[in-house]
Amino acid sequence: MNDHTPVLLQEVIEALNVQPGKKYIDATVGMGGHAREIVKKGGIVLGIDRDQESLDQLRVNESQFHLAHGSFRDIKEIAYSQNFVPVDGILFDLGFSSWQLDKAGRGFSFMKDEPLDLRFDRNTIQITASEILNTYSREELTALFARYGELEEAGKISELVVRNRPIKKTSQLNAVIAKDLTEHMVYRLLARIYQALRIAVNEELRHIEIGLLESIDLLCPGGRLCVISFHSLEDRIVKLAFNDSRLRGITKKPITASKEEIHQNSRARSTKLRIAEKI
């Protein structure tokens, strides 16, 4: 997989019903994979991303492709400031990019030895993952790991963290968790622990709730809202948002990646694409 491998690419283009000259917002533009495909089909795209460093990696030459820095929590304000309303389709790809995993140097991957930062935007987000690990009480950490990581072992994990503080790098956290566990168990726990910390640092779930609600206001009648989620916490929020009386679901069940795509891109394994249309 490379930095430009977007998940469910063709499924998203079909779901958005991309038409030449119509306006689309990619609320999580990342490395621009989905957005560029929309532009190829003749659509006009406003790409939003919370990560300025990620945006700086994105080279845009197409006149139909516009960029804005900010959180999709503020999608309505951003769209109006760009005079980009109403819109015919909005995409939320709630995963983070391969560039963030491989090259951002902020601890998004537990496979690399990096500072435990985990902020999507280092300019506007004050607290880092290491600050949470080193300042939260055992009870606060237990609640965080249970809520955002859905971990039954939350109490044991928080005890290990408190006992081994300070923890400032991924390698330190990994070593603390890995004691007396099999490799399979370690990987499962670390994935959930890092998820929980990332959600807490970036207030991800609250941003999703607000962003989806604001998106409905921006859509014209018949406009499509497409959301790719990667875990159950995200998917619950999406399902709740799609119960809005102004929307009708396009598919009864979420669209998932094919075996072929999962083979080529393992990150696609847990994806769910839900589609709704504004009435």
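Using N, Cα and C of the backbone, Cβ positions are placed for all residues, glycine too.
Nobody curates TrEMBL annotations by hand; they come from automatic prediction.
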Recorded S-adenosyl-L-methionine site member, picked from ASP49, ASP113, that accompanies GLY32, GLY33, HIS34, PHE72, ASP93, GLN100 in TrEMBL: ASP49
Greatest C-beta neighbour count within 10 angstroms, which of the binding-site residues GLY32, GLY33: GLY32
Pairwise Cα distance maximum in Å, S-adenosyl-L-methionine-binding residues per record: GLY32, GLY33, HIS34, ASP49, PHE72, ASP93, GLN100: 18
